[in-house]
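Visitor: Provided herewith is a single structure, encoded as structure tokens, for subsequent inquiry.
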Amino acid sequence: MAKHLKALIGPSILNSDLSRLYEESQKLLDNGADYLHLDVMDGHFVPNLTFGHPVVKCLRNKIKDAFFETHMMVANPEQWISPMADAGVNQYTFHIEPVDDVERVCRKIKESGMKVGLAIKPGTPVSDVEKYISMSDMVLIMTVEPGFGGQKFMEDQMIKVRHLREHYPLLNIEVDGGVGPATIGCCANAGANMIVSGTAVIGAQDQAATIKQLRDTVQQAMSQ
Ligand SMILES: O=C(CO)[C@@H](O)[C@H](O)COP(=O)(O)O
Ligand SMILES: [Fe+2]
């Protein structure tokens, strides 16, 4: 793996106490999180609801300098680009499955000043996302069916990560779903460098140690 890619840990606050969103987020950052992964669900693309841009904007008002990635599990990603940019989002990661014109959505995200992340579900072939890589800053390979935290890691998705790392040594590759100390080795060895971890970090006895362990494992794989 290319040595100048960074190992970055972005905890998901999905399974935290959302009535304390600011406190939980600040705690993760104080414990060494490199960025925050904010799971936005609309009840259409996935059978669950979370929060939208008004909540993200309130969080941004309290946390000025952290990198916010929104994972947009929504049926119409184009609809929320402008409100999310206005809310202070740094990276807008959307699923390509429901989108007719992926290039247009990528362009609009860039024009609004955010980075572009392209996400695919476990059943989506990696070739579907490959054609858009030149327009993106990151590809997210889902390692669970999107919609809920706390699910089992799907190791069979590592073939996609391996394929991308082999062909795109400079690409930021993120994994999301069931990732924690027990599964980070698979992700790191396959070539993922951006790690989302929800339940495993939120529920950890020592959050800082868990975040460090995840980062160290990725760094070690990158240095080989
Ligand atoms: O996007 C999603 C789920 O759809 C994720 O961000 C998960 O919420 C991460 O949580 P764990 O699987 O690590 O508990
Ligand atoms: Fe997510």
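Including glycine, each Cβ sits where the backbone N, Cα and C put it.
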Visitor: Among Asp176, Asp206, Asp216, find me the residue TrEMBL lists at the same divalent metal cation site as His37, Asp39, His71.
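Guide: Same divalent metal cation site in TrEMBL: Asp176.
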Visitor: For each of the binding-site residues (Ser12, Thr199), count the other CB atoms lying within 10 A of its CB, then report the residue with the highest count.
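Guide: Comparing the binding-site residues Ser12, Thr199, the most crowded Cβ belongs to Ser12.
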Visitor: Compute the C-alpha separation of His71 (divalent metal cation binding site) from Gly147 (substrate binding site), stating it in Å without decimals.
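Guide: Here the two Cα atoms lie 11 Å apart.
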Visitor: Between Asp176 (active site, proton donor) and Ser12 (substrate binding site), what is the CA-CA distance rounded to a whole number of Å?
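Guide: Just about 9 Å between their Cα atoms.
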